[in-house]
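Data block below; observations after.
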Amino acid sequence: MKESKRLKFPNKSLLLAAFATCIGGTFQCGYNISVINAPTMHVQAFINRTWSDRYQANISENALTLLWSTIVSIFTLGGLLGVTIGGTLSVKLGRKGTLLSNNLFSLTAALLMGLSSSVGLFEFLIIGRFLIGINAGIGLCVEPMFLGEISPTAFRGALGSGTSIFLTVGILSGQVMGLNEVLGEEQFWPYLLSTTCIPAILQLLILPWFPESPRYLLIDKGDEEGCKNALRQLHGLDDCDSSLEDIQKEKSNLAGFQAKKPWELFADRSLRWQLLTIIVINMAQQLNGVNAMYFYADYVFLQSGIPLDKTPYATVGTGACECFTALTCVRTEFTIIRILVLSISTLFLMLINIFPYLSVACVFAFVLSFGLGPGGVTNILNNELFTQTARPAAFMIAGTVNWLSFFLVGLLFPFIVIGLQHYCFLVFFVVCSSVAIYILLVVPETKNKTFVEIQNEFKSSEKASTSEGSGTTLLSTCL
């Protein structure tokens, strides 16, 4: 009885380490995705004022739109750069070392954005948003890797969900901080954007008290004593031996291998299905329409008759929905049903212009279904489908696909709306349905399996498919 209770709760030290990791990682990303929306008018007024003072002429509408869109969208370019260097840094500096060093980008960004108004330089906003994008990209690459490597097998899924939980909490926090009752007034917008320093400071205060990834210490650095000490602190004395045995087994399987580069993964036929899976899943996370839904939400709420001054509170409701689902799906498994629910929700969203009074419910249902499905498990799968030598490169590839897809949605969605009007979400229905079929046919169950066991399952499945004789390219696995 005591044993079953112990298994239900991770070690307190492990939970604190996970909190410190996430608060300076995906929380930052989510916060900076949403916090820029509230001060839109105030920042544009600042740009117009600065331009007038500098050139003694009002800025043109096109130039103002270009500068504002640059401030917003350069975050994604920074994120793309961040994921391309995050994997390399995680090998050279360690997972923990990379996360701590990453806060330099956040603190510098907060300083620049906070000073932009007083020094009259809107260029500081562009540089600051780019730097915080780099911070987000590195965090999204290294944080789930670190969480997966410090977690016992039984808790890997639950702690891995911390990535999506803190991302959604960050989005919600940014929306709340932007309300007029908090820091949404015009005079406060520089302080609002500079609050990104707070989670960075929290991580710098807490994370140094916890050890580096035990897997990194033993497999990458060969530090067996350091690995044992890390396991004792993170897993407790009772679970230390079994966890060490698991890591040693993985090290034995990887004997003679070095950390792979991203291009080496594409050349490795034994990893082709794992690689294809993370590409498909990460594309789907952005191309399923959830970000487009955030872009479209204000218009939907206005069409539904919600007053303009009340739409920010309705938008906060969408953030609360996703946050709620991220919290409640921690102990649930990744099933095909969630993706199908997401697909069905996109069909209802096509009825928005026909039945406006249903739109608010449709928006909330769509966000809820996303949180129950791909929102909670994508980063967990990125971590689980690869062993130690391939994992950093895999996260670099997954992150690149994710950020490029994010940029693609922001670029193309307005044209999709113009072309398809209220049928615009039909595109996302096709994406969700296709990914659901792929998952059903290809992705094996990973719950309570070690990284080595998951890798062996892919290998055995591929052997089974090739032994059928005709060079078939369909991987046959069962859920």
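A Cβ is built for glycine as well, from the same backbone N, Cα and C atoms used for every other residue.
Keep in mind that TrEMBL annotations are predicted by a computer and have not been checked by a curator.
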Please find, within the list 39-61, 154-176, 246-268, the residue stretch that TrEMBL describes as transmembrane segment.
154-176
Recorded stretch that, among 66-85, 97-115, 121-142, 423-443, has the most CB pairs under 8 Å to the transmembrane segment (188-210):
97-115
Does the transmembrane segment (393-417) reach the transmembrane segment (66-85) with at least 3 CB pairs under 8 A, where each pair is 6 or more residues apart?
yes
Mind checking which residues reach the transmembrane segment (97-115)? Cβ under 8 Å, same chain, six or more beyond either end.
21, 24-25, 28, 86, 89-90, 121, 124-125, 127-129, 131-132, 134-135, 138-139, 142-143, 146, 190-191, 193-197, 199-201, 203-204, 207-208, 212
Which residues of the same chain, at least 6 past either end of the transmembrane segment (66-85), have a Cβ under 8 Å from a Cβ in it?
29, 32-33, 36, 40, 43-44, 47, 59, 122, 125-126, 129-141, 395-396, 398-400, 402-404, 406-407, 410
How does the model score the domain 'Major facilitator superfamily (MFS) profile' (18-447) in terms of mean pLDDT?
82
